[in-house]
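**Q** This structure is in structure tokens; I'll ask about it shortly.
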Amino acid sequence: MDMTVENGHLLWDGCDTVELAKTYGTPLYVFSQSIIEERCQELRQDFVDKYDNVRVAYASKAFSTMAMMRIIEKQGFSLEVLSDGELHTALKAGFPVEKIEINGNNKSMAELEMSIDHGVGRIIVDSLQEVDRISAIAKEKQKTVNVLFRITPEVNVNTHSFISTGQKDSKFGIPINEDILFPQVEKAINAEGINFLGFHFHVGSQLDDNSAHLGAVDIALDLVQEVKKRLDYEVSELNFGGGFGVRYTDEDIRQPFAYFLDPMMEKVLAFCEKENYPQPAVVIEPGRSIVAEAGITLHTIGAIKELPGIRKYVSIDGGMTDNIRPGLYAAKYTGVLANKADQPAAEKVTISGKICESTDILVKDIELPTVEIDDVFATFSTGAYGYSMASNYNKLLIPAVVLANKGQANVIVKRQTLDQLIENEVIPDSLK
Ligand SMILES: Cc1ncc(COP(=O)(O)O)c(C=O)c1O
């Protein structure tokens, strides 16, 4: 993986990671603002500045903090949220509400009301009950809500089945079925308080092959044509989701955004030309590809256990509580000893967490310099779905997050405290 080393220490966006570990303690998430901004710049170059009427909505589930919302806002991008919590974070960060869109396969009435009260830019409908619910709330509040339908495009993707979402048997999206989809679309077009914009899909995540995205675009365009034919209605927006893959290890490929977006846009533009159809706005929702490679996690090494002829376990002061992806989807990571970043590999070890689960293994069989207690292990590419999925299992604290930018470091999330862990707990009188 790409890295800068100075005096044997790993630097991250100009900051000495060993010093960061000392100053802020470990486990510690460290994000590079420069890398996040580079990815945004690539998106502008490959998409926003290249095509008319297109937008990027950062999928905030990948890393949702107020500081991150500020970075995204400064980039001029929109924002995708999935819950009242993500919406609240964005609003508290001052994110322009009209540039927020909300997804979710089971939005509560409270979440729909909150979204409509604040005036979010779009609600992506993902269930058969939602049109009626949105229309009722919008009528009562005398508002008009922009709506897209998330469809299940029924394409198979080459990724872990737990992060593929667009196949037929999926909890996500409205099935493209005669008796289900078209009556819903017709209802949305005619419903009071609803402005039906078009269709949304998200085929899956961590993809380095564009075939699923391209297949889904074909399906969405067929649908656009069918809606015109059957309902005489022209859609004005299509949302193609996220899913663009990143490098977790040296074996992974991060394709340029253009690899996915150019042929997708070619299809849309060719369709519009052929059918004499006004070009709908095209929105994408990248999450991981903006933030994954910008983040690393620092851990301090404690217990070391050698099982002769079997393996050497090296334990860190965190684990699946700060990065559940290896346990959840067998995700692979790599890393370095941040304080020995210029030393050659000397042994093969397995990095294990301190959580009471056998699946709490962060990296299996990694070559490192000779590992000693108190070394600092830096895991690469933990910026997406690391902090987002962090938990308090075993009552470990959620780590702090530091934002590094050209040698300057700022804490953007403080480490949780032991008292915060139990602040919502109540002992009933009968147990006192
Ligand atoms: C609807 C939707 N949009 C966007 C994303 C972001 O995907 P990624 O982080 O892979 O770009 C997801 C991820 O699950 C999603 O469900």
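Glycine is no exception: its Cβ is also placed from the backbone N, Cα and C atoms.
Small disclaimer: the values here were computed from a predicted structure and weren't measured.
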**Q** Have a look through Tyr259, Tyr385, Tyr387 and flag the one TrEMBL assigns to the substrate site that Arg288, Arg325, Tyr329, Glu357 belong to.
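**A** For the substrate site that includes Arg288, Arg325, Tyr329, Glu357, TrEMBL also lists Tyr385.
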**Q** If I go by TrEMBL, which of Gly204, Gly215, Gly243, Gly335 binds pyridoxal 5'-phosphate at the same site as Glu285, Pro286, Gly287, Arg288, Tyr385?
**A** Gly243
**Q** List nothing but the one residue from Lys61, Arg288 whose Cβ has the fewest other Cβ atoms within 10 Å; the candidates are the recorded positions.
**A** Lys61
**Q** Counting Cβ atoms within 10 Å across all protein chains shown, which of the binding-site residues Glu285, Glu357 comes out on top?
**A** Glu285
**Q** Taking only C-alpha atoms and a 10 A limit, tell me which of Lys61, Arg325, Glu357 are near Tyr385 (pyridoxal 5'-phosphate binding site). These are the recorded positions.
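**A** Candidates kept after distance check: Lys61, Arg325.
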**Q** When you measure from each Cβ to the nearest atom of ligand 1, which of the binding-site residues Glu285, Pro286, Gly287, Arg325 fall under 6 angstroms?
**A** Glu285, Pro286, Gly287
**Q** Using the structure shown, find which entry in Tyr329, Tyr385 (the binding-site residues) has the sparsest Cβ neighbourhood within 10 Å.
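**A** Counting other Cβ atoms within 10 Å of each of the binding-site residues Tyr329, Tyr385, the minimum falls on Tyr329.
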**Q** Cα of Glu357 (substrate binding site) to Cα of Lys61 (N6-(pyridoxal phosphate)lysine): how many Å, rounded?
**A** 25
**Q** If you pair up every Cα among Arg288, Arg325, Tyr329, Glu357, Tyr385, the residues annotated as binding substrate, what's the maximum separation in angstrom, rounded to an integer?
**A** 26
